[in-house]
Each structure stands twice: as C-alpha cells, then as structure tokens.
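Student: Here's the feature list from TrEMBL:
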- 75-106: repeat 'WD' (REPEAT)
- 116-157: repeat 'WD' (REPEAT)
- 165-199: repeat 'WD' (REPEAT)
- 248-293: repeat 'WD' (REPEAT)
Amino acid sequence: MGKLQSKISFHSTKYRADGSVEKTGPGRGVQQHNPVHADAVTSVAALKADLCVSGGKDKSVAVCNWRSGAVLRRFVGHEHEVTKVTCDSNRIFSASRDKTVMMWELHGTSGPSQHFPGHDLVVTGLAVSPDATQLCTGSRDNTVCKWDVETGGCLGRAAVSRNLVTHLCWVPGEPYVIQTSEDKTVKTWDSRELRVAQTFPGKQHIQTCCDVSQDGRYVLSSSSGFAGEGCEATLWDLRQTRSRVREYKGHFQTTTSCVFLPRGPALAPSIATSSYDSKVKVWDQDTAACLATACLEGAGPLASLAVCDSSTLLCATFNSGIHLLQMRNGANLELEELAVF
C-alpha cells in the first residue's frame with residue numbers, strides 16, 4: 001500500500017480564483033499513489049509532522065504519510081462506515097455509523113485501546129479537549145456526550161430536541177465546544193456543565209461543519225444547499241452572537257467542510273471550503289473574496305478538509321481518495337494539485 005504506481009500524469013494543474021486552469025509541462029506531475037481506502041473517504045485530519053489520519057466507507061481508519069502516500073497503520077474494528085476521525089498527538093478517535101466511538105494508539109496494538117459506547121444512532125461529531133483528557137461526541141440521536149479519555153467513562157450526556165449533530169470542534173484553550181446541527185443553528189456548549197451556553201441565529205439551511213480560529217475569536221460554519229441556494233460558509237464572532245460577521249458565497253452545492261488557514265502564501269487571513277460541487281475554494285477572511293479555486297474533476301462530492309501546514313491542504317473525496325493540494329503565491333494565489341492517494 002502507498003507505493004507509487006507506474007502511471008503518473010505528467011501535467012501539473014493549477015487553479016486560479018476565477019476557476020481558470022493552467023497546465024504546466026512535463027517533469028512536475030500529479031502523483032497517483034495506490035488508494036488508501038477501498039471506497040469513499042469520509043473524513044481526514046492532520047495528525048503530526050507529515051502524517052494524516054482518514055476514515056472511509058470501507059470501515060477502516062488509516063494513518064498515512066501525506067508526502068509519500070504510504071500507509072503506515074490501518075485500524076479495523078467498526079462494523080459500518082467511519083463517519084468522522086480526529087486525533088491528538090499520539091491517539092486517534094473514530095466515529096461510525098455503527099453508533100460507536102473508538103480510540104486507537106498510534107504506536108500501540110492494532111486493536112482499539114478504548115471504546116465509548118452510548119449513542120443510539122450514527123455518531124457524527126468528535127472533538128478532543130485541548131489538554132487531551134476529555135472527548136466530546138455528538139450524534140443524530142440529538143445528544144452530546146462527554147467522556148474521560150483514559151477510563152472511557154461517560155462524564156455527562158445532554159439531549160436537545162431536534163439537535164441532529166453534524167460536527168463538533170473544541171475552542172482552543174477554553175472549556176467550550178462548537179457544534180453544528182441539522183436544525184440550521186450553530187451552538188456553543190460549556191463542557192464543564194455540558195449545557196448550551198449560546199445559540200447563534202439560525203440559518204436557512206443545515207449547518208454541516210464548523211471550525212474555530214486558533215485565537216479562539218471566530219467560528220466558521222458551512223451550509224447545505226443546491227444550485228447555489230445556500231451552499232455558503234459563514235464567519236461568526238464568538239464575542240458577539242446575535243449577528244454573523246461575513247458570508248462566503250460561490251459554491252453551487254452543499255459546502256461540506258470549512259477550515260481556518262494558518263498564515264502562509266495568502267498573506268491575508270484566509271479560510272478554505274470544500275463542496276459537493278467537487279471544488280475547493282480559498283477565501284480572503286476579511287473581504288470574502290475568492291482567492292483560488294481547485295476543481296477536482298472526477299472526484300465526486302468532496303467530504304472533508306484538513307490543514308497540514310501553512311500551504312498544504314488535504315481533501316477527502318467520495319470517488320478518488322485523498323487529494324494533496326498546495327497553495328502557491330505568485331501574481332495570484334494558486335491551488336496546485338500535487339498527489340492523490
């Protein structure tokens with residue numbers, strides 16, 4: 001697994017903000033590695049250094065070197081597809097349609113080191129506390145649970161009517177967890193008491209994903225939609241919950257993932273989004289201008305984004321595995337597709 005296939009495309013593809021494509025000549029190709037998963041990749045997360053973790057419909061969790069495409073570890077234990085993955089420096093957490101959450105040791109045995117049972121429906125949200133001692137999970141059963149990572153014990157369970165959880169993320173350095181929901185809202189949970197501390201104004205469409213800026217000031221959420229109706233990402237100020245700060249519009253189908261980008265080739269604060277329309281977009285956080293667009297032809301719906309470093313993104317797709325994208329800053333910011341695995 002992970003060895004370079006004999007067939008390599010000898011063209012590098014660059015995408016600009018207007019969606020135009022530039023093909024460059026031989027010598028720099030999109031490297032086609034063996035697929036990490038045998039079916040759709042549903043979630044991807046950056047682990048550390050050059051490593052990433054992914055989960056798929058093939059029920060497995062994989063640890064890969066994203067530079068080489070090599071699979072270093074594979075964990076199998078779920079009975080149905082993996083829906084979400086997240087991690088701390090040495091442990092991996094996976095959620096599944098089988099209603100379970102498992103913890104795996106990066107340098108441990110091939111079996112799960114901890115189980116977190118308790119949800120009644122598919123688990124759709126995972127978030128690890130900044131000190132890595134607690135785990136929050138969310139499900140389509142309308143509940144959010146808090147767990148002790150070491151013992152696997154449930155520290156709390158809270159149910160909110162119609163709160164079909166779609167994503168969770170922990171605010172850096174704080175006891176707060178951000179959650180998106182099929183009820184079209186974004187919520188802030190106080191993990192100490194496991195209660196909803198605040199709810200942002202409802203949107204017109206299901207909120208599919210969320211992320212928090214590294215300074216803990218801003219929240220991003222993404223929306224479902226079709227034919228350009230909805231499909232936006234929204235920036236919220238955690239200190240002011242009654243109004244949204246900005247919207248990022250340009251996708252034509254459900255926006256599935258949204259992430260804050262560290263300062264890099266795009267000198268201005270930036271964010272990235274992925275969509276069922278097979279496109280990844282990079283946006284100026286302050287002006288909402290689209291800086292670059294990558295159209296991953298043949299990839300089908302895009303499921304998840306992960307930030308590797310200041311210039312590198314991973315994108316999980318339904319039809320063609322994981323794509324490695326790099327941002328390059330020339331006359332205009334460009335997204336260059338480097339590899340697929």
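Residue numbers in this text run from 1 along the chain shown.
Placement of Cβ uses the backbone N, Cα and C atoms for every residue, glycine included.
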Student: Give me the DSSP three-state residue breakdown of the repeat 'WD' (248-293), ordered helix, strand, coil.
Tutor: 0 helix, 25 strand, 21 coil
Student: When the pLDDT values for the repeat 'WD' (248-293) are averaged, what is the result?
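Tutor: Here the mean pLDDT over the repeat 'WD' (248-293) amounts to 94.
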